[in-house]
Amino acid sequence: MRFLVRLTSKFRRDLLANSPLVTASRRCGFHSTGPLSINSSQNESKTVDANEIQLFNNLSDKWWHENGEFKALHALNKLRVPFIRDGLINSGKISINTATSGTPLTGMKIIDIGCGGGILSEPLARLGADIVGLDASQESISSAQVHASRMTNPPQYVCETIEDHAKSHSNVYDAVVLSEVLEHIQSKDVCLQLCCSMLKARGSIFITTINQTVLSWLLVIVAAERLIQFIPPDTHHWDKFITPIELQNKLRNSGCSTRLIHGMRYDILCNRWHWTTDTSVNYAIHAVKQSDETIESMNSDK
């Protein structure tokens, strides 16, 4: 613990500002941020955090630097792409013949919410999916469009809030993907309800996010952002993390039942992700939207 004594006063203030005790006070309304210029649609959004959008606007030219700020996201594709593919196969959305082809996601209409520069959207499109990449950051969308311009089956990128997109896309998608996004969302209840409303019956929602534990605070906020600075400071806020139980309850309230939960572990030295039974830091959830009749029954049981 000697290294903690040597921390500068600024570092101590930053560390304290992101501690679980202080972030808990933010939930009670004791924390505010300065004004930030965003468009009127985003300003009215319950899911968009203006400060989060500004953060990713500033990083928009870094998305495809595979050894840069987003190197862990590039590495995560080795887990999350098969996770999405296998989830759709196991839920019966994909036939055996299609599943064994080189493009197993052919015919699947998938929306990648919070797509950023398209790190996940592109490999899903290469597997044959009809991909819509949605993000509220125009700079990130522009970066994604430029990078995908030479693809034969490029994703369709849209700069829009979840609220605006959901208005005209009810029961449209076979799958909704929220990968490393939920921890940046303001109102998770609204977000999940809108996401599930865009799913067809028996459609799947795939989420990867960060658990709200002391260990996640130590590893993600303290170690990765403050000490090692592997992630840009202030990328994450502990009060926005969510436990698997809380997430499952919110999904159930939105009409989706959980099929699978996996823990994920990141090896920073090798830049590799591994599946694990430990969900105390990173985890993935696959849930399936129930039929309208089942949803009505679930709501009546509340």
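Residue positions begin at 1 at the first shown residue.
Backbone N, Cα and C define each Cβ position, glycine as well.
The S-adenosyl-L-methionine binding site feature in TrEMBL is assigned to ARG80, GLY114, ASP135, SER179. Its Cβ taken as reference, ASP135 (S-adenosyl-L-methionine binding site) is surrounded by 27 other Cβ atoms within 10 Å in the chains shown.
Residues or ranges marked as Mg(2+) binding site in TrEMBL: GLU180, GLU183, HIS184. Long-range neighbours of GLU183 (Mg(2+) binding site) (same chain, six or more residues apart, CB within less than 8 Å of its CB): THR209, ILE210, HIS236, HIS237, LYS240, PHE241, ILE242.
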Of all the binding-site residues given, namely ARG80, GLY114, ASP135, which is spatially nearest to GLU180 (Mg(2+) binding site) at the Cα level?
GLY114
Ten-angstrom check, please: count other Cβ atoms within 10 Å of the Cβ of HIS184 (Mg(2+) binding site), all chains counted.
20
List the same-chain residues at least 6 positions away in sequence whose Cβ sits under 8 Å from the Cβ of GLY114 (S-adenosyl-L-methionine binding site), in sequence order, or say none.
LEU134, ASP135, LEU178, SER179, GLU180, VAL181, HIS184
Which same-chain residues, if any, lie at least 6 apart from ARG80 (S-adenosyl-L-methionine binding site) yet have Cβ under 8 Å of it:
LEU120, SER179, PHE206, THR208, ALA284
Where does SER179 (S-adenosyl-L-methionine binding site) sit in DSSP terms: helix, strand, or coil?
strand
